[in-house]
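Listed in Swiss-Prot:
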COMPBIAS  860-871  compositional bias 'Basic residues'
CROSSLNK  K561  ubiquitin cross-link
MOD_RES   S222  phosphoserine
MOD_RES   S716  phosphoserine
MOD_RES   S1257  phosphoserine
MOD_RES   S1406  phosphoserine
MOD_RES   S1414  phosphoserine
REGION    1-291  region 'Interaction with FANCE'
REGION    248-359  region 'Interaction with BRCA2'
REGION    858-879  region 'Disordered'
REGION    1399-1451  region 'Disordered'
Amino acid sequence: MVSKRSRLDFEDKETLAEDASKIMKQPLSKLAKKSCGSHEVEENGSVFVRLLKASGLTLKTGDNQNQLGVDQIIFQRKLFQALRKHPSYPKVIEEFVNGLESYTEDIDSLRNCLLSCERLQDEEASMGTFYSKSLIKLLLGIDILQPAIIKMLFEKVPQFLFESESRDGISMPRLIISQLKWLDRIVDSKDLTTQMMQLISVAPVNLQHDFITSLPEILGDSQHANVGKELSELLVQNTSLTVPILDVFSSLRLDPNFLSEIRQLVMGKLSSVRLEDLPVIVKFILHSVTDSTSLEVIAELREKLNVQHFTLPSRIQASQSKLKSKGLASSSGNQENSDKDCIVLLFDVIKSAIRYEKTISEAWIKAIERIQSAAEHKALDVAMLLIIYGTSTQTKKGVERLLRNKIQSDCIQEQLLDSTFSTHCLVLKDICPSILLLAQTLFHSQDQRIILFGSLLCKYAFKFFDTYCQQEVVGALVTHVCSGNEAEVDAALDVLLELIVLNASAMRLNAAFIKGILDYLENMSPQQIRKIFCILSTLAFSQQPGTSNHIQDDMHLVIRKQLSSTVFKYKLIGIIGAVTMAGIMAEDRTMPSNSTQRSASVSSEQHTQVTSLLQLVHSCTEHSPWASSLYYDEFANLIQERKLAPKTLEWVAQTIFNDFQDAFVVDFCAVPEGDFPFPVKALYGLEECNTQDGIVINLLPLFFQEFAKDVSQVTSQESSQKSMSPLCLASHFRLLRLCVARQHNGNLDEIDALLDCPLFLPDLEPGEKLESMSAKDRSLMCSLTFLTFNWFREVVNAFCQQTSPEMKGKVLSRLKDLVELQEILEKYLAVIPDYVPPFTSVDLDTLDVIPRSNSAVAAKSRHKGKTGGKKQKADSSTASCTDTLLTEDTSECDVAPSGKSQVDKESTGKEGKTFVSLQNYRAFFRELDIEVFSILHSGLVTKFILDTEMHTEATEVVQLGPAELLFLLEDLSQKLENRLTPSFTKRVCFFKNKGSRNIGFSHLHQRSVQDIVHCVVQLLTPMCNHLENIHNFFQCLGAENLSVNDKARVTAQEHYTMSSCYQKLLQVFHALLAWKGFTHQSNHRLLRSALEVLASRLKQTEEGQPLEELLSQSFSYLQNLQHSIPSFQCGLYLLRLLMALLEKSAVPTQKKEKLASLAKQLLCRAWPHGDKEKNPTFNDHLHDLLCIYLEHTDNVLKAIEEITGVGVPELVNAPKDASSSTFPTLTRHTFVIFFRVMMAELEKTVKGLQAGTATDSQQVHEEKLLYWNMAVRDFSILINLMKVFDSYPVLHVCLKYGRRFVEAFLKQCMPLLDFSFRKHRDDVLSLLQTLQLNTRLLHHLCGHSKIHQDTRLTKHVPLLKKSLELLVCRVKAMLVLNNCREAFWLGTLKNRDLQGEEIISQHPSSPENTSEDSEDGMTSYVSRNRAIEDGEDEANDGQDRDSDESDDSSS
């Protein structure tokens, strides 16, 4: 064995440093001999030279490489043998090394020995490799020479530590240390380690880095621990070596505890390190993570990473642009690129760790998931989620789930996302496809907040990424637009609109993608079509003058083609596109003052284009009432949304005014000409009209002219006449009044005569003559009523915001007319079941609408058994006729405008009074604007009646009555339900018509949800006034001191109207306060405003009052309404309203008991109209109310026991049609609802119980056992009720929730019984005995289901029996665990029905299988219990057997 060489002979580090400095000061000439000739061979006769030559290596002088004549391994073997066989061995080794030292005193010779040898050509072919080692490397491979050679090398290194690199770029210290790398064997690794560490401690900084990073390649595994310890000390002393030391730690085999200590040390310095050091530091931290420490390390790393390191590139980018503008940018270019490279390298390290270590990605997700506050989230969190989503395929679902939760909890907001993209755009740009894929996934959500987040991902990707990524973003958005998902299409179009505003020039580069959407217009809603044409028109007309206008040409071509189409749907698309494009062209834009002449010429040119386009639309639609109506409505929407150039607006207003006046307005003195079936009168005038200057809407003559035409002629070809159809009356007037309002800042004095002018009509009130009318006359009168009704709706829309008392009074009068006409409509529709009203509001959503006749009436008729078959046949015929009528738009350009019945014959046979719901005809009514509800502010209004000389002749007080209030509240409630309540519509096939819930709300959907909420908040004060008035009304009505005569004066209709107003007000309040948008930070101000209004009704609120206090006061205010609830539905909506407030509270538990108390009061109250429990709607409401009660009560089991123990026995003992006296809502019809909810809540409650552990205190065990005893007792009571109420719904609930209860018992209760059996033996046995009786009933129910062969029940039997068998085995396992194996026995259980009678058909054929009743064996449980009480630890359980002789068990 080779003796251990002494280590480098330095007295201390200072001595080494001094020697090195002295050597550095000496010139190289003094250190070297004169070199020999460049081509000469070293002929020194020393042992060193002779042995090398004899072994096959020739030393060369000068710059020539040493020549190796034999294979490297052969050379080492020959030299080793020569040394070992030398006569003076081992002294020859010292002579050899001394010769080497002498030879290498010359720098050129030393360098030759350190560089690779030259191999002779004849030897090269035989070698397996072309790599040739240096002489020193070859000598280090010989064990007997290695220690001396290493010592010599370390003595040589100090001579060159402070020398600069030679002209050929070779660093002698690096070259010397490189000889020690990758040695096959290290003779004395400890000595080598010591010398390396001493060298590192005195070397210059630049060499220290290289020496440290070389350690893993030099040292053996056995020295890794020692090296790590010394490097850790060096790390503390010299922070500048942090990067190389940590880089080495990643390559050494070190103890995890040691690495943890180093990680903690480095983590403390993380916030102060340089940016260029971060990649290596983060790499070390991530590589040192273990499964157990991953979450802790990642959470700390997330906290310590300083965001300033990442904001540097964006700041440089901003400053760079400023410098470029001054011509000073070049000086900072290198620094910018360096910082960018550091950022990219850092995240490459993170992405690499995430890609290959699932633990790290999961830990990062968990670390972000644990953050609860929005303020604690950083841009790095969002960036990491996006990076993990794009890098790790295994955690995509986890990232999606976490993002959804964070968005819904409002933790990740738009500002944070903006900061993320602006800060990390360099890194996120590389994962742009993954970001778009994530956005696509979020687009499929049903939550609008999640869809909005997906939209923002696309928006910011377009804003911060390069041109290629922008193209990808636009392509992805176009794909979403063509997907067919309504919410997805809307979101994508909104993003495209925002991108045009953000960067129109970049969007124009992608116009070719967007134009492709035009091929999918047929399947889109009107609002979506408007957005598409708005996008394309903005791109087309926002270009600089002189640029290519190919987009404009394409737009004109598409619109002209669609306008000229004979397919009505395409014509409507053309109208929407033309009007939208005209609005973009004619939009009023502020021009620079220095280009007045040029802008004037451009404006004149655009005005000509706009007028010609509008004239084209008018000419293409004037023969079609439907198309004309849509044209006017579209133009009205345009006027309302955009500010047109004054010149264009003036031309439009004048044209519309003249057309309307010529078409619809006649003098009062004009006598209608024509052969009308009814007398014509000027009806519904609000003032006495003078025969000289009064005006009338000429409705009947115009409509009768069209009504008299043959339907086939109207639908087969367009009318050649240019007379305006009365179907366009309302839409034409809407356009007219918006033009006038836009011109005169909302003043409508020019057209105020239209508010109170009468209409030429017959007497619309049918009276007794309704039955004697022909079907044709009924259709005529019904259509006239529809047109009049819609005319007044538009009149109210127009003048609702006028401020003068006179105008307000007239608007209220028109509102009363609307209520009256609504009642008349119901009378006509009740006797014309197949009637199709005239369309007065036309868009693509209403093309396929079929007005549904009263299905409830049909069901009632079938229930009574009267004319059931005929009724069904008539309904089918009606649907067929309506389908035919409404699908003609695919082949013809117009349809029958009159809306008369397709069955032109008198109705034969009399039916009972039919109830008609006007909600089915919503598509045929003109939409009320949101501004109409400002009428709710109206109190008592004095209307002045003037004489012919404009003097006051009389005054009349007008106020908003209950009927008018109900009319407004119904419409407002529908609007809020449509816009504020999320719709969970499922994805539909793209090429199928989508049933839209938005029919009749087209104007509403052109306003933002925030705008609508703001409007409703402004209405809260008047609505509270109305709510309190109704509250007082019902309180007075219920007062005991109210006389019988006073109560009799309140008619049933008045009571119903006031009750309906009460319910609608509560619905409106609930829709507003339950709006999910209040969770968004930007909407908190709206929520506070709403709560301030409610809270101020109790006492004066203060500025800056805490939100929790406002919620509490609002809750108290609304809770006071409980004493005046007039109906069951009102009570339920009040509960839902209070729950909506409770959800926004930080401490909801304080109010939960009040909710439970109110719910119980509603359940224990006898409501009027007792037959309502047969109504499905009432049943749904009762189900919701009972759920609210049981969910909010503090003791669910006690509440269930009260209902089953008090209410149900009262019901059982009561007459058939009676109810429980304690719970009047509990009847035989509603028992199933009570039973289902109680079983579900019982199962939910026990499922949420924790099983507990053996280490819990005895008190905890006793409490849990007591709770389970109550649960099993409730379960027992409920299960036994199926003996009394054995209908299918009850049995189905027993099977379904009985199995779930048994499964919950197995999971939650049996572990508790395992470690409670010994201490609470009696309680456990009592619990099992009670449960055994219940499972026996479940077994009987399984047999009952089989014998009756009811597949609806039998499908639950296998799962239930499986659970019962598992229970038997689990009980046996518990007994074995407690050393009571002998207490368990199995027997057979006979199949019996619900009443306990044996099922003979399933009786086992073998008499041996029938013991003396397993029932008796099961009941012997009691005697065995007594034996156990006497000291025997026994328990028993039973097992059942069905007809197939398979063992079924119950316990």
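Glycine residues also receive a Cβ, built from the backbone N, Cα and C atoms like all the rest.
Sequence features annotated in Swiss-Prot and their locations in the structure.
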residue: S222; record: phosphoserine; DSSP (3 states): helix
residue: K561; record: ubiquitin cross-link; DSSP (3 states): helix
residue: S1257; record: phosphoserine; DSSP (3 states): coil
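The sparsest Cβ neighbourhood within 10 Å, among the listed modified residues (S222, S1257), is found at S1257. For the residue listed as 'ubiquitin cross-link', the same-chain residues that are 6 or more apart in sequence and have a Cβ closer than 8 Å to its Cβ are G574. Along the region 'Interaction with FANCE' (1-291), the predicted structure has mean pLDDT 80. S222 (phosphoserine) is 52 Å away from S1257 (phosphoserine) when you measure Cα to Cα.
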